[in-house]
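To keep things clear, I will list the structure first and then write my remarks on it.
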Amino acid sequence: MSLQINTPDWILHANAPLRDLNTFHIQAQARWLLEIIHPTALPQALTHPHIVGLPILVLGSGSNVLLAANPEECVLRFVNREVTILEHRINHALVRAGAGMAWHDLVLWSLQQGLSGLENLALIPGTVGACSIQNIGAYGVQVEEFVHIVEAYDQTEGQFVRLTASECEFAYRNSRFKREPNRYLIAAVEFRLPLLHELKLNYAGISEELEALQITLPEPRDVAQAVINLRRRKLPDPEVLSNAGSFFKNPYLPREQAEQLRQHHPTLPIYPGETPESNKLSAAWLIEQCGWKGIREGDAGVAPQHALVLVNYGEATGAELLALARRIAASVQERFGVAIEPETRLIGAQW
């Protein structure tokens, strides 16, 4: 029987299986798995003799990771899922959510409270803690627009810190936490959510979906339902077909280079970049043009619905999925001269 140490504030497991803790359902094992119930006890838990001094790997819901090998680190999971309104103001509210809360649960809860802002981010897998690391985004919205404070344990300084949105250094699918992965352990996030705001409807089929639902004056909850419908049609359910959502980031190119590429490929979708001098390309389009959509090699494959999504049909290993991803990226580079990189975090391997 594997060793398990239980306290009211945390639980430490030895030789813990991770298959049910990652949405690729990769069979992997953690030498130590630490589950944090009350984050205030985190410093004490980290000094336990079995794990003191070990590097830490935070695993939320495992929805954005590929376990290419057994992690050497102590795997840490926050299981604090409480959510509360800290204060109400005339036009917004401050909301605090525990790092272990499922992101979609927070979206639904905020809508039930009459708050808005997160509706375009409905049904994104993962936890509240992970949302700030990845700066999750969808349908024209990024979470950085609503983050007020991130509460984290700074392993370098040995203390809890409260970082403002600007201090989080958010960028496209990036943040301070992603650039310093071994420093901060996010315990909770505070959000500044408006009571009313201008809905973003002009992105990727939302207006058409609302029309199909016969909604002419949409409210935030209607937008959330439209997004849920769209995502369910486009992306496979990880509980049915194991996956980690979009595996690759959309690449950014200098505007001139993007336009030159479209001259050779007139149907190439191009979107505004983060600056007037850059454009964002559709990684899904590039991959599909290389013939990868729906491909299956053993139990590793690319989803038939969406070329950005790698899938595990059953017993694929993390190494097999990583090898497939590398071949996909190499083919895009060879045909289009464009480098695509993983959005999914690689554990036990480098890109």
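Positions of Cβ are set from backbone N, Cα and C atoms, glycine also.
Keep in mind that this is a model prediction, so the values were computed, not measured.
A sphere of 10 angstroms centred on the C-beta of R173 (active site) encloses 18 other C-beta atoms. Residues or ranges marked as active site by Swiss-Prot on the basis of sequence analysis: R173 (among others).
Around the Cβ of S246 (active site, proton donor), 21 further Cβ atoms fall within 10 Å across all displayed protein chains. According to DSSP, S246 (active site, proton donor) sits within a strand segment. The active site, proton donor feature in Swiss-Prot is assigned to S246.
When Cβ atoms from all protein chains are considered, those within 10 Å of E343 (active site) total 17, not counting its own. Taken from Swiss-Prot, the feature active site applies to E343 (among others).
According to Swiss-Prot, the feature domain 'FAD-binding PCMH-type' maps to 25-196, an assignment based on sequence analysis.
E343 (active site) and S246 (active site, proton donor) have their C-alpha atoms 7 Å apart, to the nearest angstrom. The distance from the Cα of S246 (active site, proton donor) to the Cα of R173 (active site) comes to 12 Å.
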